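Going by TrEMBL, these are the annotated features:
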type	residues	note
COMPBIAS	350-362	compositional bias 'Basic and acidic residues'
COMPBIAS	374-386	compositional bias 'Basic and acidic residues'
REGION	350-390	region 'Disordered'
TRANSMEM	95-120	transmembrane segment
TRANSMEM	132-158	transmembrane segment
TRANSMEM	179-199	transmembrane segment
TRANSMEM	205-227	transmembrane segment
TRANSMEM	239-262	transmembrane segment
TRANSMEM	274-296	transmembrane segment
TRANSMEM	504-523	transmembrane segment
Amino acid sequence: MVELKECKRYTFQKCSEMYGLTIGDNATTDDIANAQLLCGVGELVPSEKINAAVAAVFLYLISNIYIQIAESSLHLKRSRIWGTNGPYKKEGSKAILYAAVLHGSIGLLLYVVTIIAIPFATSPLDNRTSSIVVGISQFFASIVFYIMSLSVPQWFGVYHSRKIVMISFTSSREIQFTLAWNMWKQLISMYFFTLYFLCVKNYTSVVYGIVVGIPAGYLSMVITKQARSTKYSMHKTKIAIFVILILLIASGFTVWEGTQYILTIWVPDDSTMIATYCLLVWVVVMVGSHIFMYQYTKVNKSVSMRFKSEIFNQPIIGDLVNDLRMEELVEGDEESFCSNGDVDVEGQADENKAEGDVKEQAVIEDTPSTPVATEKKKSDPIKAEGTEAAAANKSDVRRSFVVESKEGNEILDNFTPKRRIKFTEEAKFKTAATKNQWGYGYVAPEDAPTYWKLFISRLADTFPCLCGCFKKEYLNASRRRLDFRSNADVRSKSTIALKYMQRFVWYFMSLAALFFTIVNILATREQCKARSALVDTFEVLYPPDYLTGKMCAWDKPGPNATIKTFESPQDAENANFEIVHCGACGNCSNWNDITLQYTSREVLAAFVRLFVRSLDRS
């Protein structure tokens with residue numbers, strides 16, 4: 001068993017010098033063959049300067065994770081529990097902030113460790129394998145750029161975007177978990193592809209890919225925010241066309257270059273022509289899809305879209321931190337300002353509401369004619385009187401509250417948002433005791449389901465076929481967990497089938513990328529082990545005196561030849577014997593084996609040389 005030595009990739013010249021091999025102009029064919037055996041081929045395959053796949057991955061992740069955080073923040077503002085100036089606004093903002101910072105940091109750490117570990121584990125990678133990895137990474141980058149060319153116009157509001165289900169929960173723990181789940185969906189969707197595309201020889205290309213991808217992701221969000229702002233909204237179509245052209249050019253270029261990398265292995269002579277044909281086909285696909293999206297947008301012009309301008313006006317992480325600091329400074333004023341939690345449809349507080357001590361908020365029904373009663377835990381006569389005086393001045397607001405002085409109840413009138421969850425009759429409460437018992441409205445974190453239960457329930461919801469054993473136990477979410485829900489667009493069977501097909505293809509490709517990453521790591525280790533063994537074998541077969549030491553010779557070629565060992569080439573020549581091979585004669589030093597070796601060396605070797613030269617050029 002040969003001990004595995006340190007596996008390093010030296011240049012062809014340095015490796016040859018280490019083993020004393022001749023590779024210059026005076027080198028023979030055997031010298032070059034020996035050098036290539038120990039040091040690999042003399043020519044390296046072309047390497048990309050910037051890892052396009054890594055750049056595309058970070059462009060995609062930064063923009064989509066930002067949208068997840070912005071959508072969660074906007075959805076929270078529409079809640080009467082967590083909304084602007086609501087009774088638990090601070091806790092809701094902290095939930096969004098903590099989830100974004102914590103899981104964003106963990107995801108970043110995961111990618112950083114992976115970027116360091118994978119190139120180390122697959123180094124030194126075989127030249128031809130590296131070329132294939134680069135080519136496939138270019139194909140992947142072209143797909144990501146193409147997806148972004150369709151997504152950016154949707155963010156701008158130029159292309160129609162289908163609404164998705166958005167659920168607001170009554171506990172901050174579940175708010176944190178929901179945002180974390182959505183962020184990790186984006187992170188994992190690109191992670192396994194990144195594993196494979198890090199298996200490259202040129203590590204600096206990965207660094208350059210990160211340097212390009214991260215600023216590009218932030219720049220895409222800055223451009224989107226500006227395009228959706230009031231100042232530049234009239235120019236959003238022109239900006240969208242400009243961005244689409246840039247992304248389509250990047251997609252087309254990576255397709256052409258990726259084809260070139262792949263074909264250098266198998267069809268080096270016709271690589272340019274085939275790459276051009278592939279580029280033309282890809283251009284037709286891209287242009288056709290944008291024409292389809294344009295027509296689709298015209299047909300659904302009157303249908304509400306998912307990406308509205310409010311999403312891109314939401315505070316980012318730094319703004320959330322500043323808002324929380326300001327809230328801590330004015331916490332005394334905030335207590336009197338938002339004690340009742342009277343919030344309109346968009347989450348705006350009533351400027352004239354009176355002070356009150358409301359600790360919980362009920363979830364509003366979806367029934368237009370039925371007002372929902374929410375009871376205060378304690379009724380203060382002074383506060384009740386102030387509330388009646390404030391209610392008398394609420395003629396210009398969208399909602400009005402009538403206070404019944406006998407029971408101290410607030411009855412919500414003239415407010416029937418369609419997105420509220422409708423509960424059964426048993427869910428209604430008339431007293432504070434019943435409200436505490438059912439828990440509808442605000443739910444404290446310690447009373448919310450554990451993160452494990454939330455994780456399993458989301459798995460059962462996402463993969464009902466694979467997680468059927470958890471379905472009955474975890475899938476039916478308690479209604480006390482739900483605040484309100486924004487429904488998605490109605491989808492046809494074909495749309496649903498296309499969605500599942502896309503998911504299947506993406507999962508299959510992710511698993512394939514993981515599989516080939518493992519193959520590259522193990523194959524590299526085996527190559528290192530074999531290369532270490534070749535050094536020892538070479539020393540045994542070709543000792544320093546192999547041209548001047550013992551020689552095996554015969555008196556004449558033929559089946560009846562006399563074959564024996566001589567101490568030196570001069571001794572064999574003095575005895576009028578012809579040298580057969582270097583070194584002492586062995587078991588294979590007979591007429592039949594030597595004839596076979598001669599045929600292999602003089603006839604078959606010619607074909608082998610041609611094959612090796614074709615590999616060297618690749």
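Glycine is treated like the rest: Cβ placed from N, Cα and C.
Between the transmembrane segment (274-296) and the listed ranges 95-120, 132-158, 205-227, 239-262, 504-523, the one holding the most Cβ pairs under 8 Å is 239-262. The largest share of C-beta pairs under 8 angstroms with the transmembrane segment (239-262) comes from 132-158, of the ranges 95-120, 132-158, 179-199, 205-227, 504-523. Residues of the same chain lying 6 or more positions beyond the ends of the transmembrane segment (504-523) and with a Cβ under 8 Å from any Cβ of it are 118, 121-122, 125-126, 129, 133, 189, 192-193, 195-196, 199.
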